[in-house]
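Data first, discussion second: the structure below is written as structure tokens.
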Amino acid sequence: GPPALGLRCWVLLRHLGALPSTEPGSLTTHVLNTATGLPAAGLALRLTQLGEPGEQWTELAQRWTDADGRCLPLLPPGQAEAGTYKLRFETAAYWKSLGYSSFYPFVEVVFTITDPAQKLHVPLLISPYSYTTYRGS
């Protein structure tokens, strides 16, 4: 892991594919700090699903990003269902850990899964005063 190799070396080897990536899953994310151009390591996030008739959110997973800004899959293969989901990223705590304040205390990304068999990747790009997300591959 990172402590034995040193963080920069570990991130580089992981990026180049020399170390195993996270296991496959049907829903993944990746968080990048656009202020530094580096992965956002140590950021807490959680996944919830909107229940029918659409009033109650049920927590499905909690994760922390690793040195590469990634985490274990939020939905393992075969566990996705059609429906509305929300990823909540705890951005204020992340920025505070780096000595910055954040305009956004957290970021919530709400999306719909229509085809549970399809792999989904939801990246998040963050800075203290902005964020961007998109459907990745």
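Placement of Cβ uses the backbone N, Cα and C atoms for every residue, glycine included.
What TrEMBL records for His30, Arg70, Tyr134 is substrate binding site. Per TrEMBL, the feature domain 'Transthyretin/hydroxyisourate hydrolase' maps to 20-136. The signal peptide annotation in TrEMBL covers 1-18.
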Checklist entry - For His30 (substrate binding site), which residues of its chain lie six or more apart in sequence with Cβ-Cβ distance below 8 Å? => result Pro39, Asp68, Gly69, Arg70, His121, Pro123, Leu124, Gly136
Next on the checklist: Across the domain 'Transthyretin/hydroxyisourate hydrolase' (20-136), what does the mean pLDDT come to, as a whole number?
Outcome noted: 93
